[in-house]
Amino acid sequence: MDLLRDYKDDDGDGDGNDEVEEEPLGEETLGESMGASDPPALVPEVAEASSSPDSSPRRLPAKSSAPRVDDTTLALAAAESSRSLHRPLDPGQHAVGFNPTYDQLWTPIYGPAHPFAKDGVAQGMRNHKLGFVEDASIQPFLFDEQYNTFHKYGYATDPSGLSFVGDIETLTKNQALSVYNMPQQEQKRRRLQMKTSGGAEEAESGAADPEVQNPATNEWLLKNKVSPWSGKMDVVQGELTEEQKKYAEEYAEKKAEKERGEGRGDKAEHADKSTFHGKEERDYQGRSWIAPPKDAKAKNDHCYIPKRWVHTWSGHTKGVAAIRFFPKHGHLLLSAGMDSKVKIWDVFNSGKCMRTYMGHSKAVRDICFSNDGTKFLSAGYDKHIKYWDTETGKVISTFSTGKIPYVVKLNPDEDKQSILLAGMSDKKIVQWDMNSGAITQEYDQHLGAVNTITFVDNNRRFVTSSDDKSLRVWEFGIPVVIKYISEPHMHSMPSISLHPNSNWLAAQSLDNQILIYSTKERFQLNKKKRFAGHIIAGYACQVNFSPDGRFVMSGDGEGKCWFWDWKSCKVFRTLKCHEGVCIGCEWHPLEQSKVATCGWDGMIKYW
């Protein structure tokens, strides 16, 4: 009632006094007309209400019958939820109490994720031996650009895009250009420089002679060999130099000696030679034909069984005894033929034969690459072991003991690449130092021809198998057997392969099964793992593993290639590969679903 009465009095004053109504209200007048308890936020509203004639000069305060609520807890909960929207999710939790955003789902994990982990990463979150490694979403083109830039110039952009890694000096010099951003003028300049560097000196030497100036004369043609018409005229033969005379005499002596040998009916020694079949031995950048392609890299760590026949290499006139991929890259394939030739094939580009190495007079039994692939060994039934240069095709050295070498191996250690081990037909394993050509050790304990040599235990030991149906383990450099394995049920093992994790040996046994031996101290037979189903009795079919160790593969006497699952020991797939015996099989080191096989039909097939 009091409020209504006040409201009536105010209304009556307003109607009776027009001058007061027109007078604007100042700050002091507003302060007096409003109660001292009114909040200052209402001052504009009162001024606005009093300025309009239709509105009342004062508003009634709001009244609520609801009890007072303490909203402190609600505000804290709201603040916590707003903070959680910007925090990354914990991969270990099983339930999320709110709807996370896309950015929150892909936020990287920083800092210690678990208080009880040694290095701050919980056991369940580990996917690498050093902790947690995230998957980066990078376009293939961008990754290849940085990959090739790093291999060519030594620097690349950090995956975050904020910094660079590698050679900073070259980065500054090249102004952070990648291999795909090289200016065309620079590319053209380099090509011209490579093209003209060879013939520039000869052209200058020919033009420097002031006496010969007429290009139509024979003297000018003799001086200037790079003339475009130099080969179209009969050049007058000048006097031979000392070097040419010496070469002619040596050639005449060799020819006469060869004719004398043929006249006596004696068998002349087989000459070492090589033939290059490619277009050019070096490309426009000066790279050798055996150089691995820069963009060859593993696509995936998971191996798959091949399904179809992709390519065939046919060049050997007789059967193929062994094949070996180029180490680490696999862009070349080396093959040993029973036609006494060793051939190397292109896998990555043209798929053609690149070079033929002819130095053996009988069938080639085994081949072995060096660690970098620039050299390789070949052992033949002509009782010779030859050490070849892969690029030039020259024989660096030849070794022989007068017995047939069945297997040859280089020591896998980088500092011992000059040490050669060969298993011979006279029950010995002979060790050569290829730098001096001397025999440094002989391992003589076997009772039959030695078939395989396999390095284990970080190359400190090696395992050999023989026709005496036994396995023997040796310390490298010490001719004493440290482990002798021979059981009544054992058969001869013509092929042994090491598992990629180096803990197991797969031995091809001639009773049509593959046995697994541990490479630990005791070298025990694993009786739970046994791979069977193929028919290889009487044939030295090679056994091999996939690069990830998930599959075991082997050829057989009927031309098939068998694939087993390593864990379950079940047959995964069989492929009919060759007419006759499938003697060798190799898994590509980078292409995880591609396999090469060779057989006695002279074919090498790519699957």
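Including glycine, each Cβ sits where the backbone N, Cα and C put it.
Just so you know, TrEMBL annotations are computer predictions that nobody has curated.
In TrEMBL this protein carries:
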REGION    1-71  region 'Disordered'
COMPBIAS  9-30  compositional bias 'Acidic residues'
COMPBIAS  50-59  compositional bias 'Low complexity'
REGION    183-214  region 'Disordered'
COMPBIAS  197-208  compositional bias 'Low complexity'
REGION    252-284  region 'Disordered'
REPEAT    313-347  repeat 'WD'
REPEAT    357-398  repeat 'WD'
REPEAT    443-475  repeat 'WD'
Checklist entry - Restricting to the same chain and to residues at least six past its boundaries, which positions have a Cβ under 8 Å from a Cβ of the repeat 'WD' (313-347)? => result 278, 290, 292-293, 296, 353-373, 376, 378, 380, 382, 388, 390, 542, 580-581, 583-584, 586, 588-591, 596-606
Checklist outcome for this item: Taking every residue in the repeat 'WD' (357-398), the average pLDDT works out to 88
Checklist outcome for this item: Residues in the repeat 'WD' (357-398) per DSSP class, helix first, strand next, coil last, are 0 helix, 23 strand, 19 coil
Checklist entry - In the repeat 'WD' (443-475), how many residues does DSSP call helix, how many strand, and how many coil? => result 0 helix, 19 strand, 14 coil
